[in-house]
Amino acid sequence: MVEIYYDDDASLDVLADRKVAVIGYGSQGHAHALNLRDSGVDVRVGLPADSRSRARAEEEGLRVLTPAEASAEADIIMLLTPDTTHRTIYAESIAPHLTAGKALAFGHGFNIRYGLIEPPAGVDVFMVAPKGPGHLVRRVFEEGKGVPVLVAVEADASGNALAVALAYAKGIGGTRAGALRTTFTEETETDLFGEQAVLCGGASALVQAGFETLVEAGYTPEVAYFECLHELKLIVDLMYEGGISQMRYSISDTAEYGDVTRGPRVITPAVKAEMRKILDEIRDGAFAREWVAEDDNGRPNFTKLVAEGKQHPIEQVGAKLRPMMSWIA
């Protein structure tokens, strides 16, 4: 069973004499910085001089420096920019100031898991990864609650890395809900698999295939859109709130019977075998190597595939129908 830590298991006193730098001010960066600040932590934000986020961070009362300046000052450096920017930011702005006794932290394990960043000996390396978007992390913190987080320690040079990670998690509100102990490897591999096989890749491909099947059979594209894309949120919300069984309890008997008898015909053993291949590519590093090479080469295939996706008929149909929906238009 997973170890779960709560407020009583963490102490902000661990951070009392430490300076924290949050590098980045996007979805997670702004939530981490503001929550830490409101928890009494000495925090500064690291942003390039030309970053459009500097004004926003300053308006919200935060001290803003360049990533290099923030890293030089800080005892704990949390890197919360997109994965593909980490290597450059680390090499240019963090590594020169990452001396023994400091800690390097992440919100996702990708660059450590695949060896793209190799911190020096004498440095703690940990992860605090909220299981929710930054705006939710900030909002529930202000409500006196928290979003669950994953906590991992990759390097414990000080012998106190877990306590520091838990203190950080408490500072952003994570231990109010619960901090689940994991590893960089587990977090990275499961996160990538979920994105590729289920949440993003799997879901979008399933929706498009269902839409295409109905339209090719002669059904109206607008009705196909409602049945295969629009109503997906209704079902996902039920699953989100109470699990698959609660969703099945909430739908009609006809829908439930179709679920349990036809669903396995869609997700067949062959589909699961392909899922295992995707997982193998994640575990052996093939996906990471492919993505890093694609990014380093200017993203030609990525750009092409995204552009092609935008031309799918379901996008045009959705653009026509969504203005009818006052709650989202």
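Just so it is clear, glycine is given a Cβ too, placed from its N, Cα and C backbone atoms.
Mean pLDDT across the domain 'KARI N-terminal Rossmann' (2-182) comes to 98 in this model. The annotation domain 'KARI N-terminal Rossmann' is assigned in Swiss-Prot to 2-182.
According to DSSP, GLY134 (NADP(+) binding site) is assigned to a helical segment. Long-range neighbours of GLY134 (NADP(+) binding site) (same chain, six or more residues apart, CB within less than 8 Å of its CB): GLY26, SER27, GLN28, GLY29, HIS30, ALA31, HIS32. Residues or ranges marked as NADP(+) binding site in Swiss-Prot (evidence: sequence analysis): TYR25, GLY26, SER27, GLN28, SER51, SER53, GLY134.
HIS108 (active site) is surrounded by 21 other CB atoms, counting those within 10 A of its CB over all protein chains shown. Positions annotated as active site by Swiss-Prot, on the basis of sequence analysis: HIS108.
Mapped onto DSSP classes, the domain 'KARI C-terminal knotted' (183-328) shows 124 helix, 0 strand, 22 coil. According to Swiss-Prot, the domain 'KARI C-terminal knotted' annotation covers 183-328, on the basis of sequence analysis.
The Cβ of ASP191 (Mg(2+) 2 binding site) has 19 neighbouring Cβ atoms from other residues within 10 Å, across all protein chains displayed. Taken from Swiss-Prot, the feature Mg(2+) 2 binding site covers ASP191, GLU227, GLU231.
The annotation Mg(2+) 1 binding site is assigned in Swiss-Prot to ASP191, GLU195.
A simple way to gauge crowding: the CB of SER252 (substrate binding site) has 8 other CB atoms within 10 angstroms, across all the protein chains here. The substrate binding site annotation in Swiss-Prot covers SER252.
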Distance from GLU231 (Mg(2+) 2 binding site) back to GLU195 (Mg(2+) 1 binding site), taken between C-alpha atoms, in Å: 21
Neighbour tally for SER27 (NADP(+) binding site), based on other Cβ positions within 10 Å of its Cβ: 18
The one of GLU195, GLU227, GLU231 whose CB sees the fewest other CB atoms within 10 Å, among these binding-site residues: GLU231
Neighbouring C-beta atoms (10 Å sphere around the C-beta of TYR25 (NADP(+) binding site)): 27
